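TrEMBL annotations:
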DOMAIN    46-176  domain 'Cation efflux protein transmembrane'
DOMAIN    218-263  domain 'Cation efflux protein cytoplasmic'
TRANSMEM  51-76  transmembrane segment
TRANSMEM  88-114  transmembrane segment
TRANSMEM  134-149  transmembrane segment
TRANSMEM  154-174  transmembrane segment
């Protein structure tokens, strides 16, 4: 079941990444939107990656619920005196050991790849391989205690499975909640807001009176209201707007920047 789930989740993340790659590249929003090329490209394609991770987390949480139900059922059968046979020979031990080594290798590989560049899907896979590594080790220990010690230790295997299923469910539930929050969008902290305001100090604006930074998916969307001199021309105002937008959208972690230009005497004219 675990292997089938990994294959299914891998297909979901692959499809999400392919759709995300069809979107507008970073820093190209203004040029592509002005050239009216949006008919063949997704504007906010990065949302697909978040949706893929959300589905990935939901599948893993559902699998944890199934494992929890089987573990409870296992405990009930043992308490009723039913004989439970555990296959713990060389072959199953070798398979579990190979799986642990493979998952550990994949976990380290994903961790190293994340240090080179952040990727939401890669982060989800890293968490999955880390959890699989620990759960297989603990599951192997629980099965060994049950098989060799027997007696009261026969409960070690189902109890270990129950604890692991609860941990897996809570972990992926938190990931689901986090990705849902990112997909909807939420206001960023004041420190992030202050950092972006500081980047505007060298611009031609007379004042910056409203700035908002929202966290959507894994990127920031910045909205800025600035005041410019009354004598500035429309071309000059547009040039300032484009300069600010392009400057912010080229920064790492920024997806879009919206600039609202107003004059010192009149507001909300653009």
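Using N, Cα and C of the backbone, Cβ positions are placed for all residues, glycine too.
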Across the domain 'Cation efflux protein transmembrane' (46-176), what are the DSSP residue counts per state (helix, strand, coil)?
117 helix, 0 strand, 14 coil
Composition by DSSP (helix, strand, coil) of residues within the domain 'Cation efflux protein cytoplasmic' (218-263):
16 helix, 20 strand, 10 coil
For the domain 'Cation efflux protein cytoplasmic' (218-263), would you mind checking the mean pLDDT of the predicted model?
79
Quick test of the contact rule: Cβ under 8 Å, at least six residues beyond the ends. What residues does that give for the transmembrane segment (154-174)?
57-58, 60-61, 63-65, 67-68, 70-72, 74-75, 78, 84, 86, 127, 131, 135, 138-139, 141-143, 145-146
